[in-house]
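Feature annotations, reproduced from Swiss-Prot:
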type	residues	note
TOPO_DOM	1-9	topological domain 'Intravirion'
TOPO_DOM	31-469	topological domain 'Virion surface'
REGION	91-469	region 'Head of neuraminidase'
DISULFID	Cys92-Cys417	disulfide bond
BINDING	Arg118, Arg152, Glu276, Glu277, Arg292, Arg371	substrate binding site
DISULFID	Cys124-Cys129	disulfide bond
DISULFID	Cys183-Cys230	disulfide bond
DISULFID	Cys232-Cys237	disulfide bond
DISULFID	Cys278-Cys291	disulfide bond
DISULFID	Cys280-Cys289	disulfide bond
BINDING	Asp293, Gly297, Asp324	Ca(2+) binding site
DISULFID	Cys318-Cys337	disulfide bond
DISULFID	Cys421-Cys447	disulfide bond
Amino acid sequence: MNPNQKIITIGSVSLTIATICFLMQIAILVTTVTLHFKQYECSSPPNNQVMPCEPIIIERNITEIVYLTNTTIEKEICPKLVEYRNWSKPQCKITGFAPFSKDNSIRLSAGGDIWVTREPYVSCDPGKCYQFALGQGTTLNNKHSNDTIHDRTPYRTLLMNELGVPFHLGTKQVCIAWSSSSCHDGKAWLHVCVTGHDKNATASFIYDGRLVDSIGSWSKNILRTQESECVCINGTCTVVMTDGSASERADTKILFIEEGKIVHISPLSGSAQHVEECSCYPRYPGVRCVCRDNWKGSNRPIVDINVKDYSIVSSYVCSGLVGDTPRKNDRSSSSYCRNPNNEKGNHGVKGWAFDDGNDVWMGRTIGEELRSGYETFKVIGGWSTPNSKLQINRQVIVDSDNRSGYSGIFSVEGKSCINRCFYVELIRGREQETRVWWTSNSIVVFCGTSGTYGTGSWPDGADINLMPI
């Protein structure tokens, strides 16, 4: 090959390489632009059940890094299909309960702006748990906190924070409410918010941040609801509401709600005589609630809800170790599954229990007359055997020298089973602590565990002498 041929060959090869590089750069540019725009787009299937990929979404799915020569492109994978929750997994097998969360709201109020609250509860969406409470329209270190022992005022609102975050000044006020319930159906939050005059209150149904439906008082006597989470199965949410006397017969209804719209209302049926402040949990294919009888029984009523045909069955927890306060001592107390026990039934406190085969797990105040201390245990045969009293796996959550209050259940879906958790309201201030003029609370939260656990006590812990008056 002569020199001229060599020059021509080298030039041709160089031109070919330059052309290839030029085409590669064009391909890289096109790919970059395409991926840049596609990271904000999702192709929606016919049922339109895909969440849009928009820059405002905080919770991302996965991120892939694609390397092309020296260019790095970040490509976001669109979120998975959003589906209704069906809660069809079995209940987790547990040996007891382990500590999960504590917000220390009252202790923090001694030196910070924390809301005055009561009636707290916990509920979870598919990815995260939140704490709720009914605020009193004031912080604790504020003269408006005087006389906040009252339950129903137009200033009360439903507060919502991530679990473990106290209700600070930046807390979202979800709705106006002096009674409430909240639950997530797998797609969005439903909030049931009751407010208004005692004799003509309104319940608002807020779904996905929008008011969808409402219902007025049907007995003109303090319309009220659960003060803990409702339950949604396959898009149908159930909430138990009562209107009427707190110490005689009242009118309880179970509302069935789909995306915020009331689709059916069933009256309470069965042998339960008085039902308030139910603590409900999914028991596929239905919903099961353990409630407060404020009239005749210190044994707790059970309400079983059929989500498919809207039928209702009610009875009472069989355990002779009863769950309400006030109550008789354990030697004298009784329950025979069907009817109220007529033992110190007038008055009571919100509480919880759940079935475990023929047995029952339950929590209650340690005090038989006062809302002091808190304990949990399992009663063998307590769900099916009348007046069963064999107690095992007892745990002290709050020692008897410290105050407690309401308690309730919430459910958390794991990979293979559904766990049951509970919270305890730790009330401080009036009526018992008269040095101060306010009434508020903090919470402590435990969840079921299949492991081992130790002992302890987790009271509110605030020194009332260090608190604002």
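Here the Cβ of each residue, glycine as well, is placed from N, Cα and C on the backbone.
Since the structure is predicted, the reported quantities are computational estimates derived from the model, not experimental observations.
Cys124 (disulfide bond) falls within a strand when secondary structure is assigned with DSSP. Inclusion criterion for the recorded positions Cys278, Asp324, Cys337: a C-alpha placed within 10 angstroms of the C-alpha of Arg292 (substrate binding site); this criterion is met by Cys278, Asp324. Residues Arg118, Arg152, Glu276, Glu277, Arg292, Arg371, recorded as contacting substrate, have a largest CA-CA distance of 21 Å. Taking the mean position of the Cβ atoms of Asp293, Gly297, Asp324 as the Ca(2+) site, the remaining same-chain residues with a Cβ inside 8 Å of that point are His274, Arg292, Asn294, Trp295, Lys296, Ser298, Asn299, Arg300, Pro301, Tyr316, Val322, Pro340, Asn341, Gly345, Gly348.
If you take the C-beta of Cys280 (disulfide bond) and look for same-chain residues 6 or more apart in sequence within under 8 angstroms, you find Gln226, Ser228, Glu229, Cys230, Val231, Thr238, Val240, Val287, Arg288, Cys289, Val303, Ile305, Ile409. Asp324 (Ca(2+) binding site) sits 9 Å from Cys291 (disulfide bond), counting Cα to Cα. For Cys237 (disulfide bond), applying a Cβ distance below 8 Å and a minimum sequence separation of six or more within one chain yields Cys183, Asp185, Leu190, Cys230, Val231, Phe256, Ile257, Glu258.
Between the C-alpha atoms of Cys232 (disulfide bond) and Glu277 (substrate binding site), the distance comes to 18 Å. Around Cys124 (disulfide bond), a 10 Å sphere centred on its CB holds 17 further CB atoms from the protein chains shown. Checked against Cys421 (disulfide bond) by C-alpha proximity, the recorded positions Cys124, Glu276, Cys318, Cys337 yield Cys124 as the nearest.
Of the candidate disulfide-bonded residues, Cys318, Cys417, Cys447, the one lying closest to Cys124 (disulfide bond) when CA atoms are compared is Cys447.
In the three-state DSSP classification, Arg292 (substrate binding site) falls within a strand. Least crowded of the disulfide-bonded residues (Cys230, Cys232, Cys289, Cys421), judged by neighbouring Cβ atoms within 10 Å of its own Cβ: Cys421.
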